[in-house]
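Data first, discussion second: the structure below is written as structure tokens.
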Amino acid sequence: MSYPNPPPPPKGSASFSSSSSDPFNQTNQLPYDSQFPPQHAFAHPSAPNPGAGGAGVAPPGQGGQYAPYYDNEPEMGGRWEGGGMGRETWASESGWSQNEPNYPPSDYHGGPGYLPSRASTPTFEGSNAGHRPRDPYPAWTVDANIPLSKEEIEDVLIDLANKFGFQKDSSRNVYDFLMIQLDSRASRMSPNQALLTLHADYIGGEHANYRKWYFAAQLDLDDAIGAVQNPGLNRVRSVARRGGKTKNPLATAQEKSLESATSRWRTAMNNMSQYDRLRQVALYLLCWGEAAQVRFMPECLCFIFKCADDYYRSPECQNRQEAVPEGLYLRAVIKPLYRFLRDQGYEVVDGKFLRRERDHDKVIGYDDVNQLFWYPEGISRITLNDNTRLVDIPPAQRFMKFDRIDWNKVFFKTYLEKRSFFHLLVNFNRIWVLHISVFWFFTAYNAPSIYAPSGSTTATTPMAWSMTGLGGFVATLIMIAATLAEFSYIPTTWNNTSHLTRRLIFLLIILAITGGPSIYIAFFNQTGHVALILGIVQFFCSVVATIAFATLPSGRMFGDRVAGKSRKYLANQTFTASYPALGFYPRVASFLLWFLVFGCKFTESYFFLTLSFRDPMKVMNGMKVQNCHDKYFGNGLCTNQPAFALAVMFVMDLTLFFLDTFLWYVIWNTVFSIARSFAIGMSIWTPWKDIFARLPKRIYAKILATDDMEVKYKPKVLVSQVWNAVIISMYREHLLSIEHVQKLLYHQIQSDQPGKRTLRAPAFFISQSEKGSKAEFFPKGSEAERRICFFAQSLTTSIPAPIPVDAMPTFTVLVPHYSEKILLSLREIIREEDQNTRVTLLEYLKQLHPVEWDNFVRDTKILAEESDAFNGGNPFASDEKEEAKKADDIPFYTIGFKSAAPEYTLRTRIWASLRAQTLYRTVSGFMNYSKAIKLLYRVENPEVVQLFGGNTDQLERELERMARRKFKFVVSMQRYSKFNKEEHENAEFLLRAYPDLQIAYLDEEPPRKDGGESRIFSALIDGHSEIMPNGRRRPKFRIELPGNPILGDGKSDNQNHAIVFYRGEYLQLIDANQDNYLEECLKIRNVLGEFEEFKVSTQSPYAAQGHADFAKFPVAILGAREYIFSENIGILGDIAAGKEQTFGTLAARSLSYIGGKLHYGHPDFLNAIYMNTRGGVSKAQKGLHLNEDIFAGMLAFGRGGRIKHSEYYQCGKGRDLGFGTILNFQTKIGTGMGEQMLSREYYYLGTQLPIDRFLTFYYGHPGFHINNILVMMSVQVFMLALVFLGTLNKQLTVCRYSSGGDILPGQSGCYNLVPVFKWIKRCIISIFIVFWIAFVPLFVQELTERGTGRAILRLCKHFLSLSPVFEVFSTQIYMHSILNDLTFGGARYIATGRGFATTRISFSILYSRFAGPSIYLGMRTLVLLLFITLTVWVPHLIYFWITVVGLCVAPFLFNPHQFAIADFIIDYREFLRWMSRGNSRTHANSWVGYCRLSRTRVTGFKRKRLGLPSEKLSSDVPRAPWKAILIGEIIGPICLAILFVICYLFIKSFAVDGQIQPGLVRIAIIALGPIVWNMALLITLFLISVFLGPCLNSYTHQFGATMAALAHFGAVAGMLVFFELLWFLELWNTSHAVLGIIAVISVQRCIFKFLIAVFLSREFKHDETNRAWWTGVWFNRGLGSHALSQPAREFVVKTIEMGLYSADFIACHLLLALLTIPMFIPYFDRVHATMLFWLAPNQQIRPPIYSFRQRSQRRKIVFKYGLLYLIIQGIFIALIVVPIIFKDVAGLTPKSVPFNGII
């Protein structure tokens, strides 16, 4: 195709006359302000000619009106010499006015003046020279009585583009966008109604966001009253103040009332001409189409549109002669806003954009900017550069002042997302009230001994009433704390804080009422009649207060933000609290669910938790320990040890009180969900015979739109085509062999009547009722069986009826893509990943899909034989020997091809790609929509087939046209223009395979001059786009953006830039690792029917009566099921699949019914107009909106959109398969949830939802994560309680009981701790149940969908594969990631793996990844558990041993081939290297690097200095706020250290052989000794390195490493010496020594954290200081002025590092010892592999094949390092065991301890 240079356009066209036919050219008022504007004649001969243009626009750089925008900018690429464009030039440029937009005739070569952006003009493949394609918008033709022709619509867009300076490509894109929407609607309603409803959805209807915003921001006052009386936008009261001066106050008030304003609005909308309606929609879409990041701010966009609309109707605009330059709108309106948003997060350093170190509460984000436009006060803040307020300018002139707005002065934070745990208090205050207050009521009533008069165990009646009644006091305290915290999250303006202040005053009064009587009763009158009355009244007041606070949303107390009638609350109600109402039955179900949950919870908690705690409280309260004494504290601490223990037990009981609510929620939610599945017929327990026998009838009734067809065609004929297409599609995917296909197809057979043929149905439908016959039709347990069963089962449910294909709405599938695999390369398939991988990908896939591989090979062989025969192969080959044939087949069965010709290798690549998580799989799966639409169109319209006779090409073209019209597929390939050669080839392959696939990508043009910014474009290509000489395709549209659109975490920005290319009414958002199937795609019309827009009322949405038909809340999101296709790929894949199954299906089913489904994950369908007018399909602030999709769900829910769930449609979805990648995903979800807790959406939902929906929201979303925190917290608190109880049990004489349960006589001085031991057992059972309840939903889901056998088998496989260990570990990861995020921040997108986890990961990598989140905690808990086991052993503790060991070893347990002996030893060598490297030269993976990185979340980094390679090793981590550091890093560890030291001091407070032992001094010496020793060692080595280093470094590069090795060896030795000293001082009393170690660890941890938090300044990004310390070379390190201060800082760092090094060294060897034990079991590695991969031992992965040299090398390494490993482990064991053996020989006593008992 050649593109001639465009000729100059005509200089000035017809002049524009300001005709009186335009009702809006005399006034600047909105059309809906006058009661009855005159009817606009849209086809009037004197209507404005939008093709006007004029000369006189200054070219860029030559001054003139627009010079400020263009002098420093490169040209847009438009035509500068002569103003605007007319339709004829626009049409000829785009080449698609008269013909199909994307597919002009093949002889078209670009008309005159072809667009500079070079929009593509692909040829219509295969079209004949004389063939003109059908009309692209068949429902919008002159025959259909359309209100405006395509040409008139085009004119409108050209006119708007000329008036506002929209880009040509953007205008063309919007034209196509708008026409497809009109065509989509007009295909099922009249064209007039289509335009009317479209205008109602975008601009004026009941649910249009623009209309809602218009009234919320009180613009009706601004517009109706006019600029004279109301110069600024003020509140109603401001106008009312001047109301007395008006002549008719009543009329003014009437004008101002909301009802009269909405009535005026409706009248004006009803009277508006269709021309104006179209113009408004077109203008809105043009504003939206170039808005870029402003699309995330829907109300800001509404404001821009309002100003543009006002300006358009002004005489100034209508009389304008010349067209404004192209791109003016982008530069004057969008770019300043974009720059403001960009500069919030980034700053320019050395010409590069660097992320600012700001947390969310300092960043004015999209939501803050958007919220400014909600309120009149916000809009009135907008000022120009000369400080004029924009609202003081007449509405019609505001748009032209946008370039002069100073946005930096306008915006402020509207909600402060501070990192704080108080968000949990504010957002979920009702949860805390409900639990803590009720816990108080239960416990206070059952603990009379605590508040009884001294000497008595029973309290007086008034005291009992009053103390129990303090539950209300507690509830009020929680509410006061929540209110005070709320003050810190919202800006303190009077409007915000007035209702908070009112609430606070009221709460203080209630506090006095619920707490005051207790003071009187407790201190003045415990027994009187008045006291009793006061106590009872107090109790009932408390109950009322508790119920009120637990049920009423705090946003509705004292200034109702949700339902208040005041106009000042309207914006809040409109945008945050327009919750869609539930129907009667769902509401009843919602209340019933929570009544059952809390009914069971409170009953069970009272009897199981509270009553069981009664006896321990009774015996522990008042218990004082006798005969104990401490050297420094006397008996002040030790006598109160039972009180400390009781306090910790209280916290434990309260934690369990929270946990069992979630347990009951899981149980009842599962019951409800299963009941729903039976109600809608989605269960295997529906009669099996019924499912298959009736399948043909159901296909006919539910899949086909066959209202009037039965007369002409038998249902069997139609159904057979659909069924055969499904079966053949499975055959093509190699799921079925040819034999299976023959049995499953409908066959044509000879009829009884001569010359006629009839159809025979497959026996499959009938024989399904006969047991045992299923296996004949498809392989047992195969993918084909699963798909056919689900298809049959899904059609038993009630589903919306389909409408004919040509009437169905158009929809788009959108897939964001970054760097996911497009197609696997041959190298990836047939080569191992690295030396730690034992299997190629193809081998692994063949073992996972043996039947499919077999079918594929058979298929390939047939192909090869045909090819051979065609090429003249031997026709008698079949007579040759069978052996030779078998040998010939080997290559087919091993790699899938024999000839390396591309067509054969490509087949193998595609086969593997369709079974991995690739984009090709996604595209090929979702392109089935196109096949389904063609199939349905052909089946339902047999006359179309007859029309084309035998011309299959023309028939295919007609089917293609219909599919293309109804379905679009856009992949947003963010990196497309930066793809490497292989990626580009793969993308090109996709486009050739699927020419209708569209790819949106970012195209970058370098700056024209130095120091300028690159220009970035949003471009679109498809498989029809012309290929240019450079190999790239010519874009169809290329729209300039204001700057780089990727400002956030990437995904939402990627979706947002491509969203302008979607088409139609609905969007399906898909991830690049999903799949779809033909039989599911056949249900697309039923699925779209769920949006309830197929049968639209014929009334006008604006008519006085008709608007009621449109009052229903629209469906915003339709959720769909996901089948996780990685479910059988070993235990981890199955766990990931199980979680998705339970959350995505089981929970979603019940949540959507009771109106609590928020989660919009993929593959959900979206109402595109609804979502795009409300901020788009996801939110995009970096970090805060990490889980971008759920925010779209919350946004839609809060603004009145319904969220439904579809049970009968499901897509495939891939999940992460490796331990690390699954936990990366969970970390991402956990940190994302932490960010959600900070967000304003949670604030609005938590403080405004009614109680039943609030509970559904809480337990369905954040409750799960908070429950994980509480589960792990309960383990920690319980361990602490048991340590205290262990010290009591160890040191005190415990009373013994008889078998009858009575205390035995003659036990003076004993302590009754038996009730406490019973409580311990009950607690362990509770924690055990809470952990294991996680498996119930999966089991029940499997039971209902696949039957008892499959459910039991799956559960057994999980338990045998140690899945509970993984569950414990993942719970800890969830907890760590949330708490870490709430404390330190740093949430970021973690790219999770999409491959198969077959590679063994080295110990050091796993340790460094999981030490912080879990292993350290596990190791500390292990030491606690050892002490507990030694002092309070009960068999129930075995469960805790499994749990805690799981926390330590889970990462290694799920590591492939962890227990192969040779690999283990070689890995040990790698571990020792990891511990020691990075001190002489930089290394990317070293212990010192890991240590630096783990402390940077506290210290933060210094500013980035470009150029040093080691800087790349660390990512940006913002420094944590000091409050977070104070609580998390200083106060927390100090408290723990104090508690453990108290425990140690207690056991040392009893005299042994008459001698009191000095506990405190001993702990101080053992804890501080190693630190002092390390300091001395460091100073010595520092002096050596400074004096010798500069000389010796020139001789050896190992000097630094040697010094570091000496220091680290000394540190480990010092640690062991001091441990041995403790062991000796305790005289080898194991439990005492273990408790001593616990206390020492806690003290050292406390010291190190304190040093890091207080003494360490920010880290350098590079590691020069570390290497300078060891090598002694401090110059030339790039330290600059820091060279003098760094040695002192580095001394503190090295002191900490030495302590941590020795701790890590010992901890790692303990872990390695635990992992060594299973290796003594023969064949354990094989058993372990079976457990991980679920492959039978005979299918297992072969060991790798090594060369002779490699084998010899490995043997040497194994021998050398194996010996070293045994020696080190032997030393550790000897240090513990040898003293025990010789202690009796030595005969030591306390008196033989040296230093005369000082230590």
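Using N, Cα and C of the backbone, Cβ positions are placed for all residues, glycine too.
According to Swiss-Prot, the protein carries these features:
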- 1-11: compositional bias 'Pro residues' (COMPBIAS)
- 12-23: compositional bias 'Low complexity' (COMPBIAS)
- 51-64: compositional bias 'Gly residues' (COMPBIAS)
- 91-101: compositional bias 'Polar residues' (COMPBIAS)
- 1-136: region 'Disordered' (REGION)
- 431-451: transmembrane segment (TRANSMEM)
- 504-524: transmembrane segment (TRANSMEM)
- 530-550: transmembrane segment (TRANSMEM)
- 591-611: transmembrane segment (TRANSMEM)
- 648-668: transmembrane segment (TRANSMEM)
- 1268-1288: transmembrane segment (TRANSMEM)
- 1422-1442: transmembrane segment (TRANSMEM)
- 1446-1466: transmembrane segment (TRANSMEM)
- 1527-1547: transmembrane segment (TRANSMEM)
- 1563-1583: transmembrane segment (TRANSMEM)
- 1635-1655: transmembrane segment (TRANSMEM)
- 1704-1724: transmembrane segment (TRANSMEM)
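Within its own chain, the transmembrane segment (1422-1442) has Cβ neighbours under 8 Å at 1275, 1279-1280, 1282-1283, 1285-1287, 1289-1290, 1317, 1320-1321, 1324-1325, 1327-1328, 1364-1365, 1448, 1630-1631, 1634-1635, 1637-1638, 1641, counting only residues six or more beyond its boundaries. The listed stretches are 648-668, 1446-1466, 1635-1655; of these, 1446-1466 has the most Cβ pairs under 8 Å to the transmembrane segment (1704-1724). With respect to Cβ pairs under 8 Å, the transmembrane segment (1268-1288) is most closely packed against 648-668, considering the stretches 431-451, 591-611, 648-668, 1446-1466, 1527-1547. Panel annotation: around the transmembrane segment (431-451), residues 425, 457-459, 463-464, 467-468, 470-472, 474-475, 478-479, 522, 543, 546, 549-550, 598, 602, 605-606, 609-611, 613-614, 617-618, 621-622, 650, 653-654, 657-658, 661, 1258, 1263 of the same chain, lying at least six beyond its termini, place a Cβ under 8 Å from a Cβ of the stretch.
Taking Cβ pairs closer than 8 Å, the transmembrane segment (530-550) reaches residues 429-430, 433-434, 437-438, 441, 461-466, 468-473, 475-476, 478-479, 510, 513-514, 517-518, 520-521, 1251 in its own chain, all 6 or more past its ends. Below 8 angstroms of C-beta separation, residues 435-436, 438-439, 443, 593, 596-598, 600-601, 604-605, 609-610, 613, 616, 620, 1259, 1263-1264, 1267, 1270-1271, 1273-1274, 1277-1278, 1280-1281, 1284, 1316, 1319, 1323, 1326-1327, 1329-1330, 1333-1334, 1336-1337 of the same chain, each at least six residues beyond the ends of the transmembrane segment (648-668), sit close to that stretch.
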